[in-house]
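**Student:** The structure that follows is given in the form of structure tokens.
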Amino acid sequence: MRVSEGRVTVTVPEQPDAGKGADVFFNPVQELNRDITVAALRAYRERTPRVSTYLDATAASGIRGVRAAANDWETTLCDIDDDATALCEQNLERNDLAASVRRSDANVLMHSEAFDVVDVDPFGTPIPFADAAIQGTKHLLCVTATDTAPLCGAHFESGVRSYGAVPRNTEFHAEMGMRVLLSAMVRTAARYDIAARPILSHATKHYARTYLEFDHGAKVANDCIDELGYVHHCQHCLWRDHDFGLIADAPEACPVCEKHLQTAGPIWLGRTCDPAFADAVSEQVTEEMGTADEATELLATLKAEIDTPTHYDQHRLCKRWGRGAEAMDEFIEKLHDAGYEASRTHYGGTTFKTDADVVEIREATAE
Ligand code: SAM
């Protein structure tokens with residue numbers, strides 16, 4: 001079937017069972033991810049004018065790399081699968097674009113060659129590619145993870161094995177997943193004296209996506225490690241707190257209801273997004289993108305999202321308090337009126353972040 005995205009049209013095989021069993025994988029639901037990738041590539045080139053090379057490390061049909069090539073990136077498309085690389089060649093030709101196509105294990109390629117920007121968009125976890133991707137990236141590493149159950153603690157052992165951290169299945173599960181992923185990437189980069197800082201991250205439709213900017217040196221890598229830590233969370237009253245450092249310092253019990261606390265970590269507690277970059281990416285979302293409206297809305301929310309772990313869900317809190325929910329704008333206004341920072345978040349229509357704790361939120365938003 002033919003698929004048009006942005007400035008390109010590619011051919012992809014029919015996907016019988018959500019991509020399973022297809023000769024070459026293609027997921028139409030990831031169009032938003034790809035539109036934001038193209039906008040982020042444009043914005044990043046303005047931010048760092050010397051960058052020119054882009055590796056689509058797990059290319060499948062090549063749609064991501066073909067779109068990068070159509071935006072004048074000196075592109076390499078890599079896939080381990082013969083059918084995939086043959087399709088990448090056809091899709092480049094169809095769009096009259098030139099790029100290098102490699103049939104290779106991406107880990108081998110990334111260990112032997114470095115690119116300004118590397119994109120790892122694999123099946124499930126990106127961790128098997130993490131070491132090589134960090135070696136093969138000069139400036140910006142873009143990573144997708146679709147294994148949300150291990151990441152957010154729903155598949156606990158698998159999460160611990162893949163990410164070397166303790167994930168917990170909380171009501172802020174998408175953010176837990178994002179911060180576990182970031183923790184693993186930051187720790188992997190630090191092993192090579194590289195600081196990998198997220199400048200844009202979003203959790204959307206069963207995947208987490210992040211863009212990590214690199215800075216080299218032991219000191220900056222140490223600074224990144226300092227932004228790892230633990231979240232302590234009460235499943236009963238939904239109180240939570242976090243502390244920085246690699247040694248967990250959990251309170252003995254929840255200070256509000258005295259019930260048992262769950263601790264997750266080490267997770268990334270630093271900022272997940274640079275608002276200025278989110279704004280610059282938003283300016284690069286253009287009309288020909290199929291998800292332009294959704295992308296613009298998402299980027300505006302990311303830009304305004306306050307920078308504190310972790311978010312709450314108004315509906316869950318109100319249910320717990322035996323109260324009716326109210327319009328989000330009014331709810332957030334009440335927090336502002338009480339002197340707290342508060343914003344909506346991109347994790348869901350009823351989610352918000354604030355510097356108030358759960359007791360303060362309840363009091364500030366009471367009728
Ligand atoms: N990025 C694509 C897109 O936006 O449509 C989707 C990529 S698909 C989820 C993952 C691809 O990774 C598959 O085509 C698979 O053949 C490829 N792959 C799996 N292991 C690989 C490896 N070690 N090196 C390179 N490619 C690999």
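Just so you know, glycine gets a Cβ as well, placed from its N, Cα and C.
Caution: TrEMBL annotation is automatic and unverified by curators.
Per TrEMBL, the features are:
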type	residues	note
BINDING	R34, R64, D79, D105, A106	S-adenosyl-L-methionine binding site
BINDING	C234, C237, C254, C257	Zn(2+) binding site
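For the listed features, I'd like the structural context: burial, neighbours, distances.
**Tutor:** Its own atom aside, the Cβ of R64 (S-adenosyl-L-methionine binding site) has 27 Cβ atoms within 10 angstroms in the protein chains shown.
The local packing around C237 (Zn(2+) binding site), expressed as other Cβ atoms within 10 Å of its Cβ over all shown chains, amounts to 18.
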**Student:** Cβ within 8 Å of the Zn(2+) site centroid (C234, C237, C254, C257 excluded): which residues?
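**Tutor:** In sequence order, the nearby non-listed residues are H236, L238, W239, A253, P255, V256, E258, K259, L261, V358.
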**Student:** Could you tell me which of the binding-site residues C234, C237, C254, C257 have their C-beta within a distance under 6 angstroms of some atom of ligand 1?
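**Tutor:** From C234, C237, C254, C257, counting a Cβ under 6 Å from ligand 1 as near, there are none.
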**Student:** Counting other Cβ atoms within 10 Å of each residue's Cβ, which of the binding-site residues D79, D105 comes out lowest?
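**Tutor:** Across D79, D105, these binding-site residues, the one with fewest Cβ atoms within 10 Å is D105.
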**Student:** State the three-class DSSP label for D79 (S-adenosyl-L-methionine binding site), counting H, G and I as helix, E and B as strand, and everything else as coil.
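**Tutor:** Note: D79 (S-adenosyl-L-methionine binding site) is in a strand by DSSP.
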**Student:** Measuring Cα to Cα, tell me the gap between R64 (S-adenosyl-L-methionine binding site) and C234 (Zn(2+) binding site) in whole angstrom.
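**Tutor:** Here the two Cα atoms are 41 Å apart.
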**Student:** So of all those binding-site residues, R34, D79, D105, A106, which one's Cα sits nearest to C234 (Zn(2+) binding site)?
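**Tutor:** Nearest candidate: R34.
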